Each structure stands twice: as C-alpha cells, then as structure tokens.
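Chemist: Here it is: the structure, laid out below.
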Amino acid sequence: YQYPLMFGLILAFCWCSLVCCSRIYMGMHSILDVIVGFLYAILILVVFHPLVDLIDNFNLTYKYAPLIIISLHLALGIFSFTLDTWSTSRGDTAQILGCGAGVACGSHVNYILGLQLDPPPHTLPLSLSSLTVTVFGKAILRLLIGVIVLLLTKVAMKKATIPLACKIFRIPHDDVRKARQRMEVELPYRYITYGMVGFSLMFIVPCLFHFIGLS
C-alpha cells in the first residue's frame, strides 16, 4: 500500500523498540545483546536485500524447492545448538525456522497451483481506501477466522507431534513439560507444528478467505 514515509518510519521504530525492550524486560537478553542484534540485522539486510527477488523466484519456481527448504531449515535447527542443558533458545530457533519453511512451502504451492492470491505487480502500490463499516467488518472477520484456524492448527499438531516424538525416541510423556526439555521432542514439535502454522498462513487461510468471499 502507498502510505506516507513518515508513518512507515514511525511504525518501524515503535515496533523495533517494543521488540528490543521486551527482550530486556523479560531477562532474555542484555542491552549489549540487543545492540549487537540490531546491528547484525542491518548487516543481514544489506547482504540479502539485493538477493531477495532471486531467492523468492527460486522458492516459487524451482521444482524441488520445498525439499531443499525443509532440509535446510531442519539442518539449521539441529546443528545450530549443541547445548549441555535445556534452553528455550533452541526451541525458539526451531519455531522460527519451522514457520519460515512453512511460509516458503505455502508460497510454492500457491504458485504451482496457479493461485493468484496477491494483486499483480503492475497494480502496486495500492492506495489506501476509505475506512467504511463494511471494510472494517471484513477486516475483523478475516482476523477472527484466521486466528481461529491457526490456533486449531497449532493445537492439533501439538497433540500429534509430542506423543509421536516421545514414542519414537522412547521418552516418557507423562510429564509433557519435562519431555519437551529433550531435544528429540522439542525440535520436532516446534518445527512441525509451526511449519504447519506457516503453511496454513500462506495457503489454507487465504484459500478459505477466497472460498467464502473475504479476499
């Protein structure tokens, strides 16, 4: 959408500030961690921004892209942490990687099936329409339906993946909290569950909106 530059800068600054401050408030990171993370994010942006279109085209068009995406994200989740003790960081990393893989695979399926869920590039940027009761109602309805579908996906996958991982690796699952502290349980649970959430976000939910006339 076409919107004032100052509005975008203010929104980006506020969002970034809230994320950084929440990490410090929750005791997850120090001030130095946040500063280094912010600078590292800028470095990643500088390196990868010129390659965004190339990576996006690969994700959409290459026949075996989903296999490569899933394998790469899974490998990063397994080998990025070699911890002697349990930490939430390992699960959070697997969650982010799984969601990213699900989003990429969902976009690939949309392209392969020829589903034009987004406006064509030549029509961008879109102009902001006036806020009416109908537009506001549709937005709220889309939000509610989307959140419900994603929550149901998360709950269903959680109930399926944790017992299955415990059974495969012969880990007692009477105490789910304790079982999830094992890498063999936590990583598959996070990766598969949030992979499906990302896939639903990009493919299932938009298709549902299109079917019921809320696109």
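Cβ atoms here come from the backbone N, Cα and C positions, even for glycine.
Quick caveat, the model's predicted, so the values are computed rather than measured.
Positions annotated as domain 'Phosphatidic acid phosphatase type 2/haloperoxidase' by TrEMBL: 9-51. Per TrEMBL, the feature transmembrane segment maps to 6-25, 32-52, 64-83, 95-113, 133-152, 191-212.
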Chemist: As a quick check of your reading of DSSP, tell me how many residues in the domain 'Phosphatidic acid phosphatase type 2/haloperoxidase' (9-51) are helical, how many are strand and how many are coil.
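Modeler: The composition, in the requested order, is 38 helix, 0 strand, 5 coil.
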Chemist: Quickly jot the same-chain residues contacting the transmembrane segment (191-212) by Cβ under 8 Å, restricted to those at least six beyond its ends, or write none.
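Modeler: For the transmembrane segment (191-212), the sequence-distant neighbours (Cβ-Cβ under 8 Å, at least 6 residues beyond its ends) are 70, 73-74, 77, 94-107, 109-110, 115, 117, 142, 145-146, 149-150, 153-154, 157-158, 161.
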Chemist: In the same chain, who gets a Cβ under 8 Å from the transmembrane segment (64-83) while lying at least 6 residues past its ends?
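Modeler: For the transmembrane segment (64-83), the sequence-distant neighbours (Cβ-Cβ under 8 Å, at least 6 residues beyond its ends) are 58, 89-90, 93-94, 97-98, 100-101, 104-105, 108, 183, 187, 190-191, 195.
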Chemist: Express the predicted model's confidence over the domain 'Phosphatidic acid phosphatase type 2/haloperoxidase' (9-51) as a mean pLDDT, rounded to an integer.
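Modeler: A mean pLDDT of 92 is what the predicted model shows over the domain 'Phosphatidic acid phosphatase type 2/haloperoxidase' (9-51).
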